[in-house]
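First the structure, in the form of structure tokens, and then the observations on it.
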Amino acid sequence: MPVNMAGSSGYLEMHPERKISMFQNPYILGTTFAAGIGGLLFGYDTGVISGALLYIKEDFDMVKKSSFIQELIVGMALLGAIFGAAIGGVINDALGRKIATITADINFIAGSLIMAAAPNPYVIIAGRLLVGFGVGMASVTAPVYIAEASPTEIRGGLVSANNLMITGGQFLSFVVNYGLTRVPGTWRWMLGIAGTPAVVQLILMTILPESPRWLYMKSRKEEATRVLSKIYESPRLEDEIQLLEDNLEKERKSMAKVQYSDVFRQKEIRMAFICGGGLQAFQQFAGISIVMYYSPTIIQMAGFKSNQAALFLSLIVSGMNAAGSILGIYLIDQLGRKKLALGSLAGVIGALIVLSVSCYIIGQGNTNKLYGGLAVFGLALYIAFFAPGMGPVPWTVNSEIYPEEYRGMCGGMSATVNWVCSVIMSTSFLSVVDAIGLGQSFMVLLG
């Protein structure tokens, strides 16, 4: 790509007056917010179960006695997310980002209502599966929709804003969990409230336009131009339209039908997927699902036995997650994706050392509150380093590195990798703790 073409850094160096700042265009911010509600739902539905599980165990003795059923309640949403991400990638490419978002909202609403009215743990599991479909679709669609409606110079920050919505949703779930600790039917309210933001997004998405890049790829050029005119002013508008035209012409000349096998057969796409999918895998193998889904349980294992104390301390940890995500929005475009990821992982290693040592000592029968406090500090330190880097970087990279015609497909595949790894981690954690101990389990994550 020539350096003076729209979409390149050289273009903005030659025309600095055409650069768009983060808060300059209300339309871009509005679109990011509306799409980001999917991230909020993603965060809330994955985070809320950590507190709800404490009360589900009190209502259903069979759940209390079985680590497997607890893991199933947590992991079923993630299993649904695997299929939702895969299906979401297909819907994104075939029907558009808007329809994919609406489909995710319908799943969120239906799943939330089913869980709130569940008469037994098996119905909760079924509702979690349905919500998981929505989570998976949102994980694919929201960052792609935001990226395709964003100028290149602020794209990283806006996609990271979606990650902020995810962590904000997780923080909101902990706030709701703590606020409902004394309300009758606690867990039903916790799980049912998630339907409300989904209704809001459903209404907003019926008003918002489709992604301009998707419209152009489908030869709906007049619609794409109308959307782009809300993002760019002339003469950059004409340059961005020309860039889309050039990309479309390049695709036509290649005459290549997009297939899943291309991801593994074509070196350029294969290397991009190894990078994108690999980042998603390592995000999960670093243990984020365990920390977010089981933090109240971990805190109780560390010596803080009451539900209220566990949820309050988890709220602090989740608040660190949201604050770190805000920092990530600034750092991701200042430091770059690679440096931010490496710095984040270095801090995570240090935090896991603290967690491993403190939880190992507690596991040996030492009831000194100092070590319990050290374990909670380790959880907070983990989140403080993870949230700005390894939280947003995998999603941002996956929204940028694929050829346009493969973006939906490869984004869906990478998100599927994320959810498969998340299922592995979240559905095995309690069983591993039962087998080898909490401190030793964190040593495995450290390794």
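All residue numbers here begin at 1 and follow the chain in the order shown.
Keep in mind that glycine also has a Cβ here, set from the backbone N, Cα and C atoms.
A TrEMBL annotation is a machine prediction, not a hand-curated record.
Positions annotated as domain 'Major facilitator superfamily (MFS) profile' by TrEMBL: 31-447.
The list of residues near the transmembrane segment (27-56) in space but at least 6 beyond its ends in sequence, with Cβ under 8 angstroms from a Cβ of it, reads 20, 63, 70, 73-74, 77-78, 97, 101, 104-105, 108, 111-112, 121, 124, 128, 131-132, 134-135, 137-139, 141-142, 145-146, 149-151, 154, 158, 161-174, 176-178, 186-187, 190-191, 193-194, 197-198, 200-201, 204-205, 208, 230-231, 289, 292-297, 307, 310-311, 314, 318. Annotated transmembrane segment per TrEMBL: 27-56 (among others), in sequence order.
Annotated transmembrane segment per TrEMBL: 68-87 (among others), in sequence order.
With a cut-off of 8 Å between Cβ atoms, the residues of this chain six or more beyond the transmembrane segment (99-118) that come close are 35, 38, 41, 45, 84, 88, 91-92, 124, 126-135, 137-138, 140-142, 145, 188-189, 191-195, 197-199, 201-202, 205-206. Taken from TrEMBL, the feature transmembrane segment applies to 99-118 (among others).
Positions annotated as transmembrane segment by TrEMBL: 124-146 (among others).
Positions annotated as transmembrane segment by TrEMBL: 158-180 (among others). Same-chain residues lying 6+ beyond the ends of the transmembrane segment (158-180) with a Cβ under 8 Å from its Cβ atoms: 22, 28, 32, 35-48, 50-52, 142-143, 146-147, 150, 186, 189-190, 193, 292, 308, 311-312, 314-315, 317-319, 321-322, 324-326, 328-329, 332, 387, 391-392, 395-396, 399.
Residues or ranges marked as transmembrane segment by TrEMBL: 186-208 (among others).
Look at TrEMBL and you will find 309-332 (among others) tagged as transmembrane segment.
Feature annotation from TrEMBL assigns transmembrane segment to 344-363 (among others). Tertiary neighbourhood of the transmembrane segment (344-363): same-chain residues 282, 286-287, 298, 301-303, 371-372, 374-375, 377-379, 381-382, 384-386, 388-391, 393, 437-443, 445-446, selected by CB-CB distance under 8 Å and a gap of 6+ residues from either end.
Remote same-chain residues near the transmembrane segment (370-390) are listed as 167, 282-283, 286-288, 291, 295, 298-299, 302-304, 313, 316-318, 320-325, 327-328, 331, 340-341, 343-348, 350-352, 354-355, 357-359, 361-362 (criterion: CB distance under 8 Å, separation of at least six residues from the stretch ends). Annotated transmembrane segment per TrEMBL: 370-390 (among others), in sequence order.
Among the features that TrEMBL reports, transmembrane segment is placed at 423-446 (among others).
Residues 31-32, 35-36, 38-39, 41-42, 45-46, 49, 56, 72-73, 76-89, 91-92, 97-98, 100-101, 103-108, 110-115, 118, 155, 158-159, 161-162, 165, 191, 194, 198, 211, 395-396, 398-399, 407-408, 411-412, 415-416, 418-419 of the same chain lie 6 or more positions beyond the ends of the transmembrane segment (124-146) yet place their CB under 8 Å from a CB of it. A Cβ distance under 8 Å defines the sequence-distant neighbours of the transmembrane segment (186-208), meaning residues of its chain 6+ beyond its ends; these are 31, 34, 37-38, 40-41, 44-45, 48-49, 51-53, 55-56, 59, 98, 101-102, 105-106, 108-109, 111-113, 115-118, 124, 127, 131, 134, 173, 176-177, 180.
Proximity of distant same-chain residues to the transmembrane segment (68-87), defined by a Cβ-Cβ separation under 8 Å and at least 6 residues beyond the stretch ends, is recorded for 45-46, 49-50, 53, 56-57, 62, 104, 107, 121, 124-125, 128-140, 289, 293-294, 412-413, 415-416, 418-420, 422-423, 426-431.
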